[in-house]
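*Asks:* According to TrEMBL:
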COMPBIAS  259-268  compositional bias 'Polar residues'
DOMAIN    48-510  domain 'Major facilitator superfamily (MFS) profile'
REGION    259-303  region 'Disordered'
TRANSMEM  41-59  transmembrane segment
TRANSMEM  106-125  transmembrane segment
TRANSMEM  137-154  transmembrane segment
TRANSMEM  166-188  transmembrane segment
TRANSMEM  200-220  transmembrane segment
TRANSMEM  232-251  transmembrane segment
TRANSMEM  316-343  transmembrane segment
TRANSMEM  387-407  transmembrane segment
TRANSMEM  413-433  transmembrane segment
TRANSMEM  487-506  transmembrane segment
């Protein structure tokens with residue numbers, strides 16, 4: 001009975017540190033259902049997962065329209081019927097100035113670079129800011145600013161703006177505002193699920209990225225041929241609404257509502273049994289140092305309940321595995337974001353599909369990303385070797401990209417199938433590194449229980465990856481003017497580089513798995 005009383009709580013009290021919306025729900029519950037009982041921890045964990053899921057979904061929802069609208073900002077005017085007032089010989093009449101030039105792909109690539117380089121540079125600062133402020137305010141403010149910049153890009157068509165500087169400034173501002181999303185959401189989820197196996201949880205949760213891309217593509221494609229300004233206005237409106245919900249209801253950490261995720265009893269020894277260690281620990285590379293608890297550096301280790309000051313950038317970089325996973329993510333995000341920003345245009349140029357149809361077909365890659373994120377997380381939980389899982393995905397991604405480049409345009413069905421496979425293999429390791437691996441490195445045992453490193457480590461890893469995300473679309477914009485085949489060869493080379501950066505860690509993980517199986521196997525007894 002006493003255990004049940006500890007497990008279940010009446011939602012009759014009002015937590016003053018809780019968001020205003022949560023306080024209203026608590027008061028309403030105490031008035032209408034004073035005897036209603038619920039597992040408060042499970043309730044709040046579910047609400048956090050749902051709110052952060054839709055939060056980051058809207059971040060990608062507002063990133064995607066530019067990739068769809070590119071196909072109408074600059075297109076092949078010879079395939080269209082010109083209006084009567086067009087001058088003879090004007091082969092740029094259907095394009096939106098300043099993208100009505102022969103080097104339009106380079107200009108469009110510059111727009112991507114303005115967003116992504118500002119995003120990558122601001123990410124490192126954003127992570128450190130996130131550790132020092134209330135994450136609910138941090139996220140809701142960042143979402144509102146991001147929505148404003150998305151709206152401003154669409155406003156450029158309404159106000160008939162043709163100055164490239166306007167679009168570059170809007171993209172750069174959007175990139176800075178968008179850096180609030182990833183450190184904030186990962187830090188919050190990490191705080192609420194500190195003791196759980198994060199691979200599958202984060203893998204399923206990370207499908208918000210692909211869902212945001214899909215919905216952003218569908219919304220943008222709906223208006224791209226009639227009024228492309230609405231392709232930006234409606235995603236911005238959705239993001240603003242979700243930002244308001246985040247401000248009202250998102251609980252940044254358990255202590256705001258009088259809870260704790262630490263399931264370890266005060267009377268329980270601080271060390272774990274061998275079975276528990278095997279079930280919850282993932283060793284990365286040379287972090288494994290035997291059974292000495294003062295030397296263990298497990299990726300999936302329990303977080304201490306005590307909190308210290310925010311860590312420095314240098315200290316976060318010194319965590320084993322951070323640099324290698326960051327550099328690997330550099331190349332993984334380069335590949336993923338090149339698809340994100342250029343896939344609809346590539347499909348349109350390599351097939352006979354319309355801009356709307358090309359945008360809709362490109363969502364197949366994101367559907368594969370949903371499956372890949374969950375699959376990579378599940379495999380990481382099962383084998384306890386995230387680097388090995390990432391390496392396997394990288395190894396399979398290279399031939400998948402080559403197959404899509406060679407045969408993707410031959411039929412619609414084959415195009416869809418190959419895009420789904422490529423999405424699984426490209427986005428699987430990208431999702432695993434940016435979520436579960438980042439969260440676990442941010443609560444690494446070498447931090448001596450410092451719970452404030454999560455946002456900084458997440459920002460370092462994702463910030464490094466974002467530099468690659470900035471480089472990829474920019475180079476693709478330049479190279480695609482000559483040949484799309486060269487773009488694919490570049491992506492395959494980057495995929496192999498991401499693989500090589502994790503080979504050493506994966507090798508040590510294989511040795512660790514082999515040693516564990518050898519120790520767990522029954523030993524033969526020799527009878528004299």
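Even glycines carry a Cβ here, placed using N, Cα and C.
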*Asks:* Can we call the transmembrane segment (166-188) and the transmembrane segment (200-220) in contact, meaning three or more C-beta pairs below 8 angstroms at a sequence separation of 6+?
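*Replies:* Not in contact, no.
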*Asks:* What same-chain residues lie close to the transmembrane segment (200-220): Cβ under 8 Å, and 6 or more beyond its ends?
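*Replies:* Tertiary neighbours of the transmembrane segment (200-220) are 49, 52-65, 67-69, 189, 193, 228, 231-232, 234-235, 340, 344, 359-360, 362-363, 366-367, 369-370, 373-378, 380-381, 423, 427, 431-432, 434-436, 439.
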*Asks:* Counting a contact as 3 or more Cβ pairs under 8 Å, with residues at least 6 apart in sequence, do the transmembrane segment (41-59) and the transmembrane segment (232-251) touch?
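*Replies:* The transmembrane segment (232-251) and the transmembrane segment (41-59): touching, yes.
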